[in-house]
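To start, the structure under review is shown below, and the notes come after it.
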Amino acid sequence: MRILGIDPGLRVTGFGVIDVSGHQLAYVASGVIRTPTADLATRLGTIFAGVSTLVREHAPDQAAIEKVFVNVNPQSTLLLGQARGAAICGLVSGGLPVAEYTALQLKQAIVGYGRATKAQMQEMVTRLLSLSGQPGSDAADALGIAICHAHGGNTLSTLGGLAPALAQKGLRLRRGRLVG
């Protein structure tokens with residue numbers, strides 16, 4: 001099964017594509033869609049077109065996207081929601097089912113701690129996918145969303161579906177910390 005993860009943003013939208021076979025995770029692609037400094041409609045169109053292109057190029061079976069959190073600034077929240085909507089439209093227009101996860105669910109599923117830092121997310125994604133280098137933070141979040149979805153949103157604290165994947169990499173959890 002191929003999963004496309006999306007980390008929505010108005011300026012930068014991260015994407016990550018993984019293949020899943022049983023408990024095996026395989027990296028396919030990741031990167032970002034950057035929008036031009038232009039009016040809102042142009043930026044949203046760029047996100048929609050970019051996500052639509054990813055769906056055509058990588059032919060995922062499912063998609064997952066991060067849910068919007070309510071920011072202190074309501075205008076920022078509305079703009080992020082619109083960017084997220086453009087990405088979802090690109091996914092749905094490609095016929096994909098779309099799952100949604102909060103940042104807390106994502107961090108807990110990947111790192112085992114809901115308030116994990118960007119650096120901790122990048123490190124765990126790098127280890128889980130056996131990458132030679134760390135992806136950028138937006139791409140790492142998108143890959144994390146795809147991994148979270150691959151394991152049904154299970155958390156490391158319950159050792160849902162990630163325990164076998166960690167064991168294959170020679171890793172395990174000890175008192176909430178990753179050890180090798």
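Heads up, the Cβ atoms here are built off N, Cα and C, so glycines get one too.
Per Swiss-Prot, the features are:
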type: ACT_SITE; residues: ASP7; note: active site
type: ACT_SITE; residues: GLU66; note: active site
type: ACT_SITE; residues: ASP138; note: active site
type: BINDING; residues: ASP7, ASP138; note: Mg(2+) 1 binding site
type: BINDING; residues: GLU66; note: Mg(2+) 2 binding site
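Recorded features from Swiss-Prot, shown on the structure.
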residue: ASP7; record: active site; Cβ within 10 Å: 26
residue: GLU66; record: active site; Cβ within 10 Å: 25
residue: ASP138; record: active site; Cβ within 10 Å: 24
Rounded to an integer, what is the Cα-Cα distance in Å between ASP7 (active site) and GLU66 (active site)?
6
Through the lens of DSSP with three states only, how would you label GLU66 (active site)?
strand
